[in-house]
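Read the structure below first, then the notes.
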Protein chains: 2
Amino acid sequence: MRYLGQEEARALDVELFSKYQFSVEQLMELAGLSVAVAVARCFPARTHPRVLTVCGPGNNGGDGLVAARHLAHFGYESTVWCARRPLSPLHERLLAQCVQSGVREESTPPPTPRDSYDHIVDALFGFSFRPPVREELRPALRLLIESDLPTSSVDIPSGWDVEHGPPMDIADALQPALLVSLSAPKLCARPELIGNALHFLGGRFVPPELAARMQLALPSYPEQEQVVRLA
Amino acid sequence: MRYLGQEEARALDVELFSKYQFSVEQLMELAGLSVAVAVARCFPARTHPRVLTVCGPGNNGGDGLVAARHLAHFGYESTVWCARRPLSPLHERLLAQCVQSGVREESTPPPTPRDSYDHIVDALFGFSFRPPVREELRPALRLLIESDLPTSSVDIPSGWDVEHGPPMDIADALQPALLVSLSAPKLCARPELIGNALHFLGGRFVPPELAARMQLALPSYPEQEQVVRLA
């Protein structure tokens with residue numbers, strides 16, 4: 001299996017949406033579903049019923065909104081917090097779908113997440129993130145880092161360099177309990193960087209021809225599963 | 001569980017796309033995925049590797065195109081035949097995604113499907129079908145009825161009345177081996193009408209509030225499954 005750099009990850013995305021003619025909403029639906037499935041495998045609703053999904057302004061946040069909706073269908077008390085306003089039209093629609101599917105919305109960041117939640121989904125930054133963190137999103141990242149709750153990161157642990165991994169200052173480094181790589185893992189998901197985090201791959205939609213051409217050497221998904229466990 | 005009439009099925013769809021703000025492509029992705037999962041459960045690639053999906057011009061055909069793509073990801077030799085040309089822009093995109101994901105396209109109906117396939121997916125007509133069958137789509141329906149292959153129907157067995165079931169003349173009646181109801185089963189899916197066909201429910205996206213208001217009394221899906229077996 002190969003780990004992608006930021007430019008390769010971008011190129012893969014561009015191809016899916018141009019040459020392969022997928023729409024963002026289609027792939028976001030499958031990506032978000034696979035995140036919800038991996039979360040439910042690792043932190044079942046039975047033991048971790050209250051889940052907060054922290055959503056950023058980009059596609060990673062969109063994946064998070066989709067995941068939060070599927071988590072509600074899976075029986076969780078699912079809550080979302082959108083860390084930046086105003087929302088894009090796509091995020092507005094995804095949030096409306098959430099709320100109307102029984103997901104609760106927090107309008108302000110919960111001061112002590114541990115009092116109200118059992119688990120956090122980090123959908124703040126994706127593979128296009130470049131440090132430094134913008135001022136307005138720092139409170140969201142701090143919440144993730146300081147929550148003291150098991151955290152599942154969507155594609156990239158937020159605040160990490162997509163290629164080089166966690167920031168030097170350990171106090172600024174989110175340590176996810178679960179990482180769900182989407183399409184193909186990025187360089188920061190290498191075992192020596194994620195340590196003993198659980199690691200799943202989701203987003204089972206990469207055409208075999210594209211995977212071969214980009215030499216992704218993706219692992220085989222079992223049967224009809226939307227996720228495959230990597231570590 | 002309640003079985004919906006044609007007008008109720010239409011009303012459910014309209015609500016999903018208006019009040020609940022889902023896009024057709026989002027729900028089609030989940031519906032088609034659930035069809036592929038049910039097919040793979042009942043007719044595994046190991047025993048039924050060659051599958052032909054017959055797609056009609058509406059949303060049922062779109063669900064079929066999505067299912068055919070997921071079946072390719074699940075390891076099938078997946079083929080589609082679009083029974084009416086020209087295609088809508090949505091169907092064009094879904095077909096392009098299929099072909100670029102390794103699905104083969106038949107441009108003319110296979111004269112003897114049994115020679116080339118192990119299983120057929122019927123995505124010809126959905127719940128908005130009203131008899132009689134239009135002239136141009138009769139060859140496709142005849143192919144389904146006469147294929148002598150196990151057939152999985154998407155939402156409605158094609159040619160059936162959505163409320164009253166199979167046509168009176170038994171020679172004109174498709175007898176599916178598997179029916180995958182989507183969102184909620186329609187009246188023609190009652191046990192006394194589908195006989196000993198396997199029956200699954202898919203399309204795990206109906207908001208609980210909508211299900212309660214329409215008194216759908218849907219069965220519980222197991223864990224993170226996209227389908228639930230009904231019979």
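Note that Cβ sites are derived from N, Cα and C of the backbone, with glycine treated the same way.
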Candidate from B:Asp155, B:Asp169, B:Asp172 that TrEMBL assigns to the same (6S)-NADPHX site as B:Asn59, B:Asn60, B:Gly61, B:Gly62, B:Asp63, B:Gly126, B:Phe127, B:Ser128, B:Phe129, B:Arg130, B:Pro131, B:Pro132: B:Asp155
Annotated companion of B:Asn60, B:Ser158 at the K(+) site, TrEMBL, chosen from B:Asp118, B:Asp122: B:Asp122
Which of B:Phe127, B:Phe129, all binding-site residues, has a Cβ with the fewest other Cβ atoms inside 10 Å: B:Phe129
Distance [Cα-Cα, Å, rounded] between B:Asn60 (K(+) binding site) and B:Pro131 ((6S)-NADPHX binding site): 16
Non-site residues, in chain order, whose CB comes within 8 A of the mean position of the CB atoms of B:Asn60, B:Asp122, B:Ser158 at K(+): B:Val54, B:Gly56, B:Gly61, B:Gly64, B:Ala123, B:Leu124, B:Phe125, B:Gly126, B:Leu144, B:Ser153, B:Val154, B:Asp155, B:Ile156, B:Pro157
Least buried by Cβ count (within 10 Å) of the binding-site residues B:Gly61, B:Pro131: B:Pro131
Cβ-based isolation winner (fewest other Cβ atoms within 10 Å) among the binding-site residues B:Asp63, B:Asp122, B:Asp155: B:Asp155
Cα-to-Cα gap, B:Phe129 ((6S)-NADPHX binding site) vs B:Asp122 (K(+) binding site), nearest whole Å: 14
Conformational class of B:Pro131 ((6S)-NADPHX binding site) under the three-state DSSP mapping: coil
